[in-house]
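For reference, the structure is listed below as structure tokens.
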Amino acid sequence: MSLRSRIRGPAPRGAGADRGAGMSDELHVFEGHGIRVSWSRARCIHSAECVRGLPLVFQPGSRPWIKPDAGAAAKIAAVIERCPTGALHYERLDGGSAEAPPSANTVTPEPDGPLLLRGQIEIVDEQGNLVLRDTRVALCRCGGSANKPFCDGSHRMRGFSDDGEVFEGAVKPGEHPEPVLRLTIRPGGPLKARGALVVRSPDGLVRVTGGDAAFCRCGASRNKPFCDRSHERIAFEAETRDSG
């Protein structure tokens with residue numbers, strides 16, 4: 001039988017992501033014999049990778065909806081690593097390996113959807129305070145999320161339209177010995193990225209590599225996924241944890 005609990009604030013040891021004090025969303029924790037699964041409702045946009053991967057373990061219509069003893073721990077871990085938003089994480093209780101970050105930091109605009117990041121990702125506010133450190137993140141780029149800078153699925157209701165194609169010229173070259181990609185939230189402005197990064201188009205092809213970039217999150221840029229300062233034209237306001 002699995003055990004379920006709820007935790008607010010910074011994640012417990014082994015939850016898979018380091019959450020800053022400003023992350024006040026509730027973590028739901030489901031513990032089985034071989035694996036402990038944590039789920040953030042606020043970061044889940046129902047991509048359903050988990051349901052398609054292991055429908056006997058992930059059952060949205062039942063309670064508890066995650067049944068960690070209904071599958072092998074290794075298979076559950078592999079499916080959780082497909083979760084594009086980082087809403088799902090795990091801790092192996094059977095001695096199995098923890099999630100290893102990808103060898104490269106990748107940024108991929110999802111067509112008509114969020115900015116998907118994988119790698120060693122660190123998100124900080126303008127004062128440098130940690131908001132989140134994770135290996136998988138989905139960031140809002142429609143401008144409508146109520147959980148900025150994270151995607152909450154609002155792009156679907158807003159009818160956000162962008163094919164996600166990436167063009168060159170908006171990433172500055174740079175050498176960064178540190179493997180971490182740090183994104184700084186600019187209040188009312190873009191996400192400023194600094195660190196080694198690879199920007200891919202939705203088909204998976206590498207379009208741009210570099211070290212510094214500014215990503216649009218107001219939804220109005222004519223050079224998506226990059227910022228073109230359209231946030232100034234539309235007087236974009238980010239009424240969220242952006243301000244701490």
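Every residue gets a Cβ built from N, Cα and C, even glycine.
Sequence annotations record features per position, and here TrEMBL assigns compositional bias 'Low complexity' to 8-22.
The feature domain 'Iron-binding zinc finger CDGSH type' is assigned by TrEMBL to 126-161 (among others). Long-range contacts of the domain 'Iron-binding zinc finger CDGSH type' (126-161) within the same chain, counting only residues at least 6 positions beyond its ends with a Cβ under 8 Å from a Cβ of the stretch, are 16-23, 25, 42-43, 45-46, 81, 83-86, 99, 101-102, 109-110, 112-120, 183-187, 191, 215-220, 224-225, 236, 238-242, 244.
Per-residue pLDDT, averaged across the domain 'Iron-binding zinc finger CDGSH type' (200-237), gives 90. Residues annotated as domain 'Iron-binding zinc finger CDGSH type' in TrEMBL: 200-237 (among others).
What TrEMBL lists as region 'Disordered' is 1-22.
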